[in-house]
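To start, the structure under review is shown below, and the notes come after it.
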Amino acid sequence: MTAISLGMPAVPTKLADRRVSRQIQVGTVAVGGDAPVSVQSMTTTRTSDIGATLQQIAELTASGCQIVRVACPTQDDADALATIARKSQIPVIADIHFQPKYVFAAIDAGCAAVRVNPGNIKQFDDKVKEIAKAASETRTPIRIGVNAGSLDARLLKKYGKATPEALVESALWEASLFEEHGFGDIKISVKHNDPVVMVNAYRQLAAQSDYPLHLGVTEAGPAFQGTIKSAVAFGALLSEGIGDTIRVSLSAPPAEEVKVGLQILEALNLKQRRLEIVSCPSCGRAQVDVYKLADQVSAGLEGMEVPLRVAVMGCVVNGPGEAREADLGVASGNGKGQIFVKGEVIKTVPESKIVETLIEEALKIAEQMEKDGIASGEPQVSIGA
């Protein structure tokens, strides 16, 4: 009998190879080349309030942020940059709009990099030679940050709106001005609030240059909406090997941006997975309150710093299989739970003891992992089927 081909494409077993880009150094963090994708965020404080800004940077650092950006709209903010850059635990990027003088102030202050927006800095093109000279002397990278909302009027007239082509043309034009003056420590972003436009812009940019790319969906929205937009856009690009740093823009506390960014990287296996709680979404087969159980286990293991997969399952259909695949798991039913460790049932406990037992066993496994030198990391919790 002749075999019938269903015409199904082969399922890739890994992401596309990383795009080859030049590497720059943002303070202590390598960006581009073969460096890992890093997570950025931005402070929401007045930069001139040095204490509040440093406090927020400390909180971001604790959440796993690797690079932080601070706004610099006033002279008071510019005056604060030196102290903030010196005392910050992670590299500080100064975010400059409208006034070229603040670019020089940020470089003089010792910021790890400077973001410039070519769409709104007055006489920016005329200042590129001076900026390139100052940045070269201090080895300060420049991020050319193009945003759909502040695109140059010339390009809006040419394209009619902020198309992917308009964003890319703006970025590469400005990069070429720096290159004319011998400066190549450049990172580029081409942000749009529409993930489809944003993805297409980055694909075009990746095909036309070797600059490291900072990914972002601008004005992504409230936490839930912004998370979805960013996950869709970043997932598409990172799976194609495009992207060297990411920032999840949310109308939420900055630490939430970092949490989402880290989880996106972990979901794509671009970062060591941390604590991962896999729990079923619940259905009519569930014989326990899965939501409550998962929340209690998550709360009990908060802060655990080893890559541990814990399965919390509510019935006998998928429960045993998922529990066996995890480092630790429970398959619940009939008022009790079977506790699995590394695929083996070690005990059966009453429903009232499930959470307590899982936490005890998780701590035992974590202790052994730490003794064995297993890499640590920030917690991650994901709820899935």
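For all residues, glycine too, the Cβ spot is worked out from N, Cα and C.
Going by Swiss-Prot, these are the annotated features:
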type: BINDING; residues: C280, C283, C315, E322; note: [4Fe-4S] cluster binding site
Among all protein chains shown, how many Cβ atoms are found within 10 Å of the Cβ of C280 ([4Fe-4S] cluster binding site), not counting that one? 22
DSSP three-state assignment (helix, strand or coil) for C280 ([4Fe-4S] cluster binding site): coil
